[in-house]
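Student: Sharing a structure here in structure tokens format.
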Amino acid sequence: MSSDGGSLVYEDKDLIVIVIPAEGTELCPFGQNSNSGQLQTLAFASNCQNDQMDRPTVGYFGVCFGMIDPTDRTTKTHQRRLLTIAHEFTHILGMNSYDFPYFYDHTTGRPRTERNASNQPPMQSVLCVDGTRQYTEVASENTLKSVTTANGYVAYELVTDTVRNVVRNQFNCQSLIGGRLENQPTGEGDCFGSHWDHRLFNNEFMAAVYTGSTQYVTALTLALLEDSGWYVPNYGVAQNSPFGLGVGCDFAEEECLQNGLVPEWATVTFCNDAQHIGCSADRRLIAHCDLSKWNGNLPSGYQYFSDPSLGGGLTQSDFCPAFTTIYHFEVGGE
């Protein structure tokens, strides 16, 4: 609304984003998703209006200003804030499980999921990643498929053509069917996942959790935006994530540890000794093994050791002990 009570009119605008301060609301909580401490929410976003082709045209961007230190003006902090903004804007653009049923085939201009007489995708009862069932809009299997992980849990994968090709190239594995979405709940009511799976795409800027390592804007997220049917991305800006790059099918299809041991293909990324010092995936940051003892047994599918309470410090990594940045200096950098 304008100051005189009339409606604001925006002409020739592709997208309108409303920025809202959310400090002091339930939307800026401290989340108990980490064994070592609390994960803080810096921002959140979604879309709330679409055009006749279902492309988002209006979105909101909530900021938890209490998590922003205005005196911290280091280059790394500035880069993190920019990536946070890019992350949230990508949710607005369409990386949101509620948008997947509305994707279009960019080669035909037709909806990827058939619509009913009201131009709505079908409603179905489905098993969600948190183990509950929801009656919700579901994308066609040419877009989204349910899979069972190596740990025995349900997950969903985006199986559109461009996403599938990028994932196969990332891991050098031609048997993969798509890009796996986060199967640890990161938002209330999100049945399928709206981030890339942290276990597989740790350094992707659209993973759910920022761990301190370098994040990359990869072709994977650009492929999702292209396969939405709403955008033509510039792949020239894409970066290769070093996490799992070219390692092979085992990295994507097997458990991260086998009988408590680190497989040969996983020695760069995963670990089994809390005293082990290593490097970040891009070899620029010193990192430690985040193996820790939880206050209770881990879910059965994530018990990698004879002690069922031992595991990595992050649920989104499927409790895989991984090299996590703790020393914030770069090799050869500032």
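Numbering starts at 1 and runs along the chain as displayed.
Keep in mind that glycine also has a Cβ here, set from the backbone N, Cα and C atoms.
Heads up, TrEMBL stuff is auto-annotated, nobody curated it.
Model, not experiment: these values are computed from the prediction.
Feature table excerpt (TrEMBL):
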- His87, His91, His195: Zn(2+) binding site (BINDING)
- Glu88: active site (ACT_SITE)
Student: I need the neighbours of the Zn(2+) site defined by His87, His91, His195. Which other residues of that chain put their C-beta within 8 angstroms of the C-beta centroid, in sequence order?
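Tutor: My list of surrounding residues reads Ala45, Glu88, Thr90, Met95, Ser194, Met206, Ala208.
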Student: Could you measure between Glu88 (active site) and His195 (Zn(2+) binding site) for me? Cα positions, answer in whole angstrom.
Tutor: 11
Student: Restricting to the same chain and to sequence separations of six or more, state which residues have a Cβ under 8 Å from that of His91 (Zn(2+) binding site).
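Tutor: Looking at Cβ-Cβ distances below 8 Å from His91 (Zn(2+) binding site), excluding near sequence neighbours, one finds Ala45, Ser46, Asn47, Gly59, Ser194.
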Student: Does DSSP put His91 (Zn(2+) binding site) in a helix, in a strand, or in coil?
Tutor: helix
Student: Around the residue listed as 'active site', how many other CB atoms lie within 10 A of its CB?
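Tutor: Excluding its own Cβ, the number within 10 Å is 22.
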